[in-house]
Amino acid sequence: MITLEVDLGERSYPIHIGTGLLDNAELLRPHVRGQHAVIVTNETVGPLYAARVEAALAALGKTVRTVTLPDGEAFKHWETLNRIFDALLQAGADRKTTLVALGGGVVGDMTGFAAACYMRGVPFIQMPTTLLAQVDSSVGGKTGINHPLGKNMIGAFHQPNAVIADIDTLRTLPARELAAGMAEVIKHGAIADAEYFGWIERNIKPLNACDPDLMALAVQRSCEIKAGVVAQDEREGGLRAILNFGHTFGHAIEAGMGYGAWLHGEAVGCGMVMAADLSHRLGFIDTETRARIRELTQAANLPVVAPELGADRYIELMKVDKKAEAGSIKFILLKQLGEAFITTVPDADLRATLAHAVLKPPTEAPVA
């Protein structure tokens, strides 16, 4: 087992990465201080893993209740969130009740938001079961739900007590979900570590096959990068914004296509290709770097051709973004591979990227 630390002073917490962790009651013991625990999971993950976590908590003498939500980004809204609140209130949960997020990014975001709001804040633990959640969304304390007009526009910063990432859970991931997680792995290399990016390029085939040793290394390095950024800028006042590389375009794709049509990681992957193109148009990265980002994204089985929403629609959607100020869209671009920054861009260059993004090269099969 590997243990990292997210250094936030009194609110610091560990990230445990390894195998067989779902059954490890001793990992949970320091972080479940009250008598009651509520596991929040979904219809896909619950039947696979909930009983194991329930048993670990019961071994600590805790009273355990499990809430099962519908699965998917399309259910990341108020109505589903209220199901968590209903369960907490019906169970008589108090301020020492610990919530346990057992699932992917949607479960983690919603459980964290429920923990932030219930009685103005209760503790929670992240137990991510998807690659995307293990390398990205479970770390850093961002929680929230979607609104029909924008992704993650309603939420709060609420740090978990611990992140417990059991690599074994990745074995049950569908190939599409694994690819979605690889988008965030690639992102971390692109924005912060060119050497790591090269390592991903060299190992993309076994990573796609979910090689356990390589996957553990990828989760570790991605968590190191994200934890380092969060420790410097917890609430996205500056540096942390670089973690949104590909997300401004990606969120527009998700909203424009309807939440759930594209997985979050698929949209981010395509968004990174678009952001790399924009970085190149503005003279920051060379043609080779732009091509490497596109080729690695495609090699990870992610879409590299954007849906044809129309430039005006893309721009409208991107203005509903947490980084936007006074209607001005801000993008995370690359100065070079491994170094990102936030900036506004000329409208003509943005529209050129949007026009280029929907073009399918003659030799490329259409992307679904």
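Yeah, the Cβs are placed from backbone N, Cα and C, and that goes for glycine too.
For the Zn(2+) site that Swiss-Prot gives as GLU184, HIS264, the extra residue drawn from HIS158, HIS247 is HIS247. With the fewest other Cβ atoms inside 10 Å of its Cβ, the least crowded of the binding-site residues THR130, THR169, THR172 in this structure is THR172. When the binding-site residues GLY105, GLY108 are compared by the number of other CB atoms within 10 angstroms of each CB, GLY105 has the fewest. Neighbouring residues of the recorded Zn(2+) site, listed in sequence order and excluding GLU184, HIS247, HIS264, comprise LEU132, ASP136, SER137, ALA183, LYS187, GLY246, GLY250, GLY265, ALA267, VAL268, GLY271 (Cβ within 8 Å of the Cβ centroid). Other Cβ atoms within 10 Å of the Cβ of GLU184 (Zn(2+) binding site) number 28 in total over all chains.
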